[in-house]
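Notes for the one structure printed next.
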Amino acid sequence: MTMKRTALRLALPKSYHWPTTPSIRAKAAIVIDARTGGTLFAKAANQPVYPASMTKMLTTLLLLEACADDETFVVGDEVRLREDGESSAGLLEGEERTAGSLAEALMLASGNDAARTVARQLVRKHCGKTLSAERSMDYFAELMNWKARELGAANTRFANAHGLHDPNHVSTAADLARIARRAMRNERFRELAGRKVGEDGRYRNRNLLLQPDSPFYDAAATGLKTGFTSAAGYCLAASASAGDVDLIAVALRSTKDGRWTDVRKLLDYGFRLRRGIAERDCQNEKKRLF
């Protein structure tokens, strides 16, 4: 038992039943209080891992911070950089897309093509000129790393905008939770991450916690992002709310179905722990008053 857990346990009321530590398949995981940033559970949370498409949380946040939803871009030759078998949102070279549409293509369809187009366009806005597709990808990775450092994600290093495997593209469960927490404080990101389908019906959210027809549906879930590569395994960042408690959970290197059950266990543990802390605070307040 860790010192942090021991201290919490001693502080909780005697009537409170301490929740069982979740048994999960993920190799690294964390659940945090989204309001305070406090850690409620951690497993190898600072161990370097490959974040896969959860990378797109930061790509999307940068897009939303830089552009209005109705700002229009033309898809360029960056879509030719696609790799066989990668996830795609079906972007076509030469077509016009709004920033809002690209954000959906990133968060709901998890399109690597959308990530490349966003990277190209944001680099153009940032440096005031058009760079080659390849140079734009490298430039944007540096913008991502600058933002990650600003958010306190000190153990994160991004090499691309989409999360396809690169040995130098790494993060941690704790850092991804920090990025997710900051992203969910952005109202547009929060609304987008919780959509079951896109506004025009083109994309369906891959986050099965949000889909009522899924066996993994969770009514408390409010959004966030999936990820998978063969090197990263099956990954998931998820947010959930119940009453006045908001949580963020991250599970990395899990199994295809395990990531959903892992995150649900993490969220359940977090909610039960927060209820116990709230009960303790209530009892302490009563003692103070009476």
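Residue numbers in this text run from 1 along the chain shown.
For all residues, glycine too, the Cβ spot is worked out from N, Cα and C.
The domain 'Peptidase S11 D-alanyl-D-alanine carboxypeptidase A N-terminal' annotation in TrEMBL covers 20-253.
Taken from TrEMBL, the feature active site, acyl-ester intermediate applies to SER53. A helical conformation is recorded for SER53 (active site, acyl-ester intermediate) in the three-state DSSP classification.
Residues annotated as active site, proton acceptor in TrEMBL: LYS56.
Per TrEMBL, the feature active site maps to SER110. Under a cutoff of 8 A between CB atoms, and with a sequence separation of 6+ in the same chain, the neighbours of SER110 (active site) are SER53, LYS56, SER87, ALA89, ARG206, LYS225, THR226, GLY227. According to DSSP, SER110 (active site) sits in a coil region rather than a helix or strand.
In three-state terms derived from DSSP, LYS225 (substrate binding site) belongs to an extended strand segment. For LYS225, the entry in TrEMBL reads substrate binding site.
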Confidence summary for the domain 'Peptidase S11 D-alanyl-D-alanine carboxypeptidase A N-terminal' (20-253), mean pLDDT rounded: 97
Other C-beta atoms that fall within 10 angstroms of the C-beta of SER53 (active site, acyl-ester intermediate): 26
Recorded positions compared (LYS56, LYS225) - highest count of Cβ atoms within 10 Å: LYS225
